[in-house]
Every structure is written in C-alpha cells, then in structure tokens.
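Only one structure is covered here, and it is reproduced in the block below.
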Amino acid sequence: MQASDSSINTLDGHQVSAGRDESTPLLANSPQRRSSGGTSFGFAVFNLMNAIMGSGILGLSYAMAKTGILGFSALLLIVALLAAYSIHLLLRMCLLTAVTSYEDLGLYAFGRSGKVLVACTILIQNVGAMSSYLFIIKSELPAAIASFLPGAQGEPWYLDGRTLLIITSVCIVLPLALLPKIGFLGYTSSLSFFFMVYFAVVIVIKKWNIPCPLPPLNHTVTFLQAPNISECKPKLFDFSKESAFALPTMAFSFLCHTSVLPIYCELKSPSKSKMQNVANVGIALSFLIYYISALFGYLTFYDNVKSELLQGYSKYLPKDVLIITVRLCILLAVLLTVPLIHFPARKAVMMMFFSRYPFSYIRHILVTLVLNIIIVLLAIYVPDMRSVFGVVGSTTSTCLLFVFPGLFYVKLGREDCSSPQKFGACGLLVLGICIGACSLTLIIMNLA
C-alpha cells in the first residue's frame with residue numbers, strides 16, 4: 001500500500017492512515033466480502049442493543065427512587081451521551097490506525113503490553129458478565145417455570161437450577177456462540193429486543209393495577225386508589241448517601257464497547273459515520289426503553305420499589321399472567337445476551353495466544369467450548385457471583401467504557417493538546433477514573 005502524506009506511523013507492517021474520510025469504507029471491498037454482504041444496519045442495531053441491555057434494567061427504577069425523576073433523567077442522559085462519545089473516540093481511532101479491534105488499538109497506543117492489557121480486561125469483564133447472567137438463569141429460571149406449573153410435586157429435574165443451567169448452556173448458548181460471525185446473532189438479538197419492549201409495555205400497563213398507597217399483602221388488588229398522601233408523591237430530586245449506591249447501576253447501563261468493533265467489522269459497507277449511526281440509534285432506543293420502564297416502575301411503587309423491580313410485582317400480583325410471562329422474557333433476553341458476549345471474549349483469547357496463526361475452525365470450536373465450560377462452572381460453584389464480579393466488573397467496565405477510549409485517544413490523536421477532541425478525551429479519562437474509584441469503594445463498603 002502506498003503511504004499517503006497523512007500517514008502517522010507504521011507498526012508490525014500496518015500502515016496507519018490519518019487522512020481517511022469518515023464516510024470512507026474502512027475494510028476493503030474484496031470479492032469475498034461483496035459475496036457475503038455483511039450485516040445489515042438493522043441487525044447491527046439489534047446486536048448492539050442486546051449488548052447494552054441486560055438484567056441491569058431491573059435496577060433502574062430503584063436508581064430513580066434514590067435520585068429523583070429529574071436527577072435520574074439528567075444522569076441517565078449524561079451516561080448515554082458519554083457512551084456515544086467514547087464509541088466515537090474508538091471509531092475515530094480505528095480510522096486513524098486502520099485497525100478494527102480494541103486489542104490492536106492498545107497495541108498501537110502502548111505496544112504489546114497495551115494489547116495484552118486490553119485483551120485481559122475484555123476477557124475478565126466478559127467472563128464475569130456471562131457467569132453473572134448464567135447465575136441469574138440458575139437462580140431465577142426454576143421459579144419462573146414453577147409459576148407455570150403450580151401443581152408440581154417434589155423436586156423434578158426441570159425445577160433444578162443446575163440442571164436447567166447446563167441444558168440451556170449446551171442447547172442454546174453453545175450453538176449460538178459457535179457461529180462464525182456475530183452478525184448471525186441479529187435474529188436472536190431482535191428477539192431479545194422485543195422481550196425488552198414487552199417488559200416496558202407490561203410495566204406501563206401494571207401501573208394502573210397496583211394502588212397507591214400499597215395495600216396489605218393479603219389484600220386483593222382490583223382498583224386504583226387516588227395517590228393523595230405524601231408517600232404517593234414522586235420526588236423530582238433526591239440526593240443522599242443511598243443515591244451513591246445507585247450510581248454504578250446507571251454508570252454501566254450503556255456498556256457495549258467490547259462488541260462495537262466486532263459489529264463494525266461485519267457491517268455492510270462499514271464506515272465510521274455508518275457505525276456511529278448504529279451506535280446512536282442503539283443507545284437512543286435503549287435509553288427510551290430504560291427510561292419508560294424505570295419511570296413507570298417508580299411511579300408504581302415510589303419509595304417502596306425494590307432493587308430488583310419484578311420482586312414488587314411478584315408480591316402484589318403473584319398470579320398475574322403478564323408478570324409471570326415478563327419474568328420469563330427477561331430471563332430469555334439475558335440468556336440470549338450470553339452468546340453475543342462470547343464473541344469478544346473469544347476474540348480476546350485469540351488475539352493474546354493465536355494472533356500469528358491463520359483461522360482454524362477446530363481452534364474456534366475448542367476456545368468456545370473451554371469458555372463455555374468455565375462460565376458454567378463459575379455460575380454453578382461460586383456462591384455469591386454478583387458480589388465477586390461486582391468488584392472486578394466495576395474496574396474492568398470503567399476501563400472499557402471510559403478510561404481506555406480516553407487514554408488511547410490522548411496517545412494516538414493527532415490534534416493539539418488544547419483541541420476539543422483531546423480535551424474531551426482527557427475529561428473522559430479523568431471521569432472514568434473517578435467513577436471507577438467511586439464504584440469500587442461503594443461495592444467494598446456494601447460487602448463489608
């Protein structure tokens with residue numbers, strides 16, 4: 001390839017171009033690529049949203065209760081904008097360096113140590129997330145199934161959490177994770193998206209089925225009482241010590257950065273502007289679903305909202321068909337997120353240990369199988385999965401969402417230090433360090 005006047009350096013034989021236009025396709029339009037077609041814009045959005053939204057949606061109503069409606073709205077909007085901005089920095093660095101992986105950005109910024117650091121961070125974060133999701137499946141799926149089978153006697157195998165975990169891992173997670181391209185998961189990601197939409201719709205509907213003030217638990221809910229006392233008045237702002245514990249839930253609500261570049265690579269006619277539009281649409285739709293479900297969940301229970309939203313509905317509407325089905329839908333949505341997270345985790349392993357070898361289906365299958373076994377064993381045998389990986393996740397998530405994009409751009413960006421881009425990257429870096437330190441401190445305090 002001929003070096004242009006705007007090339008900035010070369011590393012390991014890669015030409016680094018700083019003069020590309022944002023609408024220029026990053027990947028060459030080879031005959032093989034033209035025949036495969038790439039992933040459509042819609043499927044790319046669904047995949048990104050599936051990476052964004054998980055079980056964390058159940059904790060946002062609690063976060064609103066602890067920060068107030070306007071406080072929550074401002075914080076969630078800021079987090080969404082910061083997530084979009086950090087994705088913008090990642091895509092801009094891909095344009096500058098002509099590489100398409102998070103690990104290689106670390107390589108260009110800080111050499112092999114940077115590549116290993118990014119790969120280890122991605123692997124730890126994704127293994128922790130997948131194990132936590134499977135732990136939720138093991139803990140909650142038996143109760144969800146039992147709600148459809150109230151007459152079950154004894155302890156049948158289909159109500160055993162470990163058995164269900166192994167079955168779902170072998171029959172659902174593993175086959176989907178073995179797919180050669182992340183774009184193929186667009187179908188399951190679209191299904192997961194509709195599960196989340198269904199969840200938000202049910203939360204809105206059930207606002208008018210539970211009266212305020214909340215009745216005694218032995219009271220049959222049949223009508224709406226006027227919320228004319230203080231406990232039924234929503235708070236616009238509410239910042240206290242408890243508010244701080246809600247911030248980590250919100251800070252990581254839009255974490256999808258390990259999946260952004262794999263989705264980018266498979267996008268049909270990939271360019272920075274097109275992938276940025278994918279990210280903007282995905283984040284905007286996720287914000288909308290987050291906000292609607294959080295708002296109506298809070299307006300249903302007010303200060304009595306649980307840290308896991310569906311617990312309140314299970315108490316006051318224990319036999320409601322919509323609540324039973326929505327719990328199952330959330331579990332299925334969480335389950336369908338696991339294969340999507342498999343892709344960047346497997347890629348991190350490949351980049352660390354097999355980057356100099358050509359692609360091999362046997363290696364692809366073996367690495368996927370080993371990762372699947374590890375996360376299943378962690379979900380089965382680690383008794384308090386969410387607490388263990390809460391500490392690790394708060395650090396790795398902060399790095400991937402805020403610290404690395406800001407730090408790498410400070411190193412790789414061609415602008416002056418006083419430029420808006422460099423200033424924004426520095427701000428993102430400092431903010432990420434503060435959020436990570438705050439989240440880690442709060443989690444340790446909560447465990448103590």
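Each Cβ is built from the backbone N, Cα and C atoms, and glycine gets one as well.
Here's what Swiss-Prot has on this protein:
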type: COMPBIAS; residues: 1-12; note: compositional bias 'Polar residues'
type: COMPBIAS; residues: 26-36; note: compositional bias 'Polar residues'
type: DISULFID; residues: C212-C232; note: disulfide bond
type: CARBOHYD; residues: N218; note: N-linked glycosylation site
type: CARBOHYD; residues: N228; note: N-linked glycosylation site
type: REGION; residues: 1-36; note: region 'Disordered'
type: TRANSMEM; residues: 40-60; note: transmembrane segment
type: TRANSMEM; residues: 69-89; note: transmembrane segment
type: TRANSMEM; residues: 117-137; note: transmembrane segment
type: TRANSMEM; residues: 164-184; note: transmembrane segment
type: TRANSMEM; residues: 185-205; note: transmembrane segment
type: TRANSMEM; residues: 244-264; note: transmembrane segment
type: TRANSMEM; residues: 281-301; note: transmembrane segment
type: TRANSMEM; residues: 321-341; note: transmembrane segment
type: TRANSMEM; residues: 365-385; note: transmembrane segment
type: TRANSMEM; residues: 388-408; note: transmembrane segment
type: TRANSMEM; residues: 425-445; note: transmembrane segment
Selection from 69-89, 117-137, 185-205, 425-445, the stretch that has most Cβ pairs under 8 A to the transmembrane segment (40-60):
185-205
I'm a bit unsure how to read this: which one of 69-89, 117-137, 281-301, 365-385, 425-445 has the highest number of Cβ pairs shorter than 8 Å with the transmembrane segment (185-205)?
281-301
Please report the number of other Cβ atoms within 10 Å of the Cβ of C212 (disulfide bond).
20
Chain residues in Cβ proximity to the transmembrane segment (164-184) (below 8 Å; excluding those fewer than six residues from its ends, i.e. six or more beyond):
38-39, 43-44, 47, 134, 137-138, 141-142, 145, 158, 259, 262-263, 266, 335-336, 338-340, 342-343, 346, 364-365, 368-369, 371-372, 375-376, 379-380
So are the transmembrane segment (425-445) and the transmembrane segment (281-301) touching or not, going by 3+ C-beta pairs under 8 A with a sequence gap of 6 or more?
no
